[in-house]
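K.L.:
Before I ask anything, let me first share the structure, which is written out below as structure tokens.
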Amino acid sequence: MPIANATTVHSDIDHGTKALYSKITWRLIPFLCFCYLAAYLDRINVGFAKLQMLEDLQFSTAAYGLGAGLFFVGYIIFEVPSNLILQRVGAKLWIARIMITWGLLSACTMFVTSTTQFYILRFLLGAAEAGFLPGVLYYLTMWYPTYRRGRIIALFMIGLPLSSVIGGPISGWIMGHFDQVQGLHGWQWLFLLEAIPSVLLGILTFWALPNHFQQAKWLSADDKAQLAADLAADDAEGKDSKHSFRDGFFNLKVWMLGGIDFSILLSAYAMGFWMPTFIRDAGVSDTFHIGLLTAIPSLAALAGMLMIGASSDRHRERRWHIIVPFIIGAIAMASSTLFSQNLVMTVVLFAIASAAIIGAVPVFFSLPATFLKGTAAATGFALACSVANIAGLVSNSLMGVVTDLTGTSHAALWVFAGCLILSCFLVIALPAKLVNR
């Protein structure tokens, strides 16, 4: 009888804990996912705008690549300061500020008439968005213990592929149907209309996000006590974690993570910004059809995120859930250069590459919080993202220059595939106690 009673109590506790985290997830993750969707859409819609604006404004492909890349200069410079401010003023205020300003600046791109204006606005857009992704990742560490974060980060980050699944067809439709409406080009309407959700979501942030679980009115006192106990136990398991700004900034493991993420983003941004061009080069001219086809690799990335993140949490293993997808993605991306005129093979290979490379991203982003806490976590998340986002400048600039020199945008993909393979050695070098929690 005592054994039966103990089993019943244990079952009740497990059920209560599951219900608690389910409640938190339904309250936070859908909203944050839509925010990330809006952010990434405003970041990469310039890839669709390129199909019209280069001819309208007489920009070269290299000028477009530089402008697309300058976003990341502003992003890199302001990433760490932005995340430290978020830690000081709270997620609610700072995420709202980020979203409203990036939405307004993205809309202003519709008024661009010169390369200088394009460069300035892309830089300012990067500065405005800086801190959003690492800020949300840091925010989630205040709600979920380490062993739950792989799946949760995957659920949050499905906003990334969803931005292309939803945004691709919508972007193509806007450019095709709004061209010359009220005397504006389709690409101008694109920047205006797709900025509106960011501003509206930024305003809603004031009501949707508590700064801390202790401020969540929808959690009971027992819920808060359970959550505090879970997070305290998680902190005890990572008792060697670092806490200060210095610990985050001068930690070799943070810089290693930045190098790994750099390799991820070289490929992710090449696919995100240039996928419409790859599909057009394979023989598709209609912008709406291009938008529909760009959704296929993004759907594959969404499935990859959910499956790889869930598997990693279930096995409490991170290293091989990163390495194996990297190898598969590198092979698929390099192979795509051999079929650049074949539409079916182009879409299939980029779908495989997207599912593997982007699918591993949530697992990767669960690593910093295994050895960083507090200010060090805020600094470490932002620093790793800052180092990595140099890839945005390198990727877009290299793609633009290579296209102007060779007439094709595919040659640079070999470089990006090689970087993914090299980053596998950095993953192997990370201590097992960090990658298997």
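Residue numbering: from 1, along the chain as shown.
The backbone N, Cα and C atoms fix where each Cβ goes, glycine too.
Given the structure is predicted, the values throughout are model-derived calculations rather than measurements.
Marked as transmembrane segment by Swiss-Prot on the basis of sequence analysis: 28-48, 66-86, 93-113, 123-143, 152-172, 189-209, 254-274, 290-310, 320-340, 347-367, 374-394, 411-431.
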K.L.:
When you look at the transmembrane segment (320-340) alongside the transmembrane segment (189-209), do they share 3+ Cβ pairs under 8 Å, ignoring any pair fewer than 6 residues apart in sequence?
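P.N.:
Since fewer than 3 Cβ pairs under 8 Å link them, the transmembrane segment (189-209) and the transmembrane segment (320-340) do not come into contact.
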K.L.:
When you look at the transmembrane segment (123-143) alongside the transmembrane segment (66-86), do they share 3+ Cβ pairs under 8 Å, ignoring any pair fewer than 6 residues apart in sequence?
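P.N.:
Output yes: the transmembrane segment (66-86) sits against the transmembrane segment (123-143).
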K.L.:
So if I exclude everything within five residues of the ends of the transmembrane segment (93-113), which remaining residues of that chain have a CB under 8 angstroms from its CBs? That is, six or more out.
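P.N.:
For the transmembrane segment (93-113), the nonlocal Cβ contacts are 35, 38-39, 42, 45-46, 49, 53, 57, 82, 85-86, 121-122, 124-125, 128-132, 135-136, 139, 184, 187-192, 194-199, 201-203, 205-206, 209.
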K.L.:
Check the transmembrane segment (290-310) against each of 123-143, 152-172, 254-274, 320-340 and return whichever range has the most CB pairs under 8 Å.
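P.N.:
Ranked by Cβ pairs under 8 Å, first place goes to 152-172.
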K.L.:
If you count Cβ pairs under 8 Å, which stretch among 123-143, 152-172, 254-274, 320-340, 347-367 touches the transmembrane segment (28-48) the most?
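P.N.:
Comparing 123-143, 152-172, 254-274, 320-340, 347-367: 152-172 has the most Cβ pairs near the transmembrane segment (28-48).
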K.L.:
Other than its close neighbours in sequence, what residues sit by the transmembrane segment (347-367), given a CB gap under 8 Å and a spacing of at least six beyond its ends?
P.N.:
137, 146, 149-151, 153-154, 156-157, 160-161, 257, 260-261, 264, 267-268, 271, 275, 278-279, 282, 293, 296-301, 303-305, 307-309, 312, 318, 321-322, 325-326, 328-329, 332-333, 335-336, 339, 420, 430, 434-435
K.L.:
Go through 123-143, 152-172, 320-340 and flag the stretch with the largest number of C-beta pairs under 8 Å relative to the transmembrane segment (254-274).
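P.N.:
Ranked by Cβ pairs under 8 Å, first place goes to 320-340.
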K.L.:
Are the transmembrane segment (320-340) and the transmembrane segment (152-172) close enough that 3 or more Cβ pairs fall under 8 Å, when only pairs 6 or more apart in sequence count?
P.N.:
no
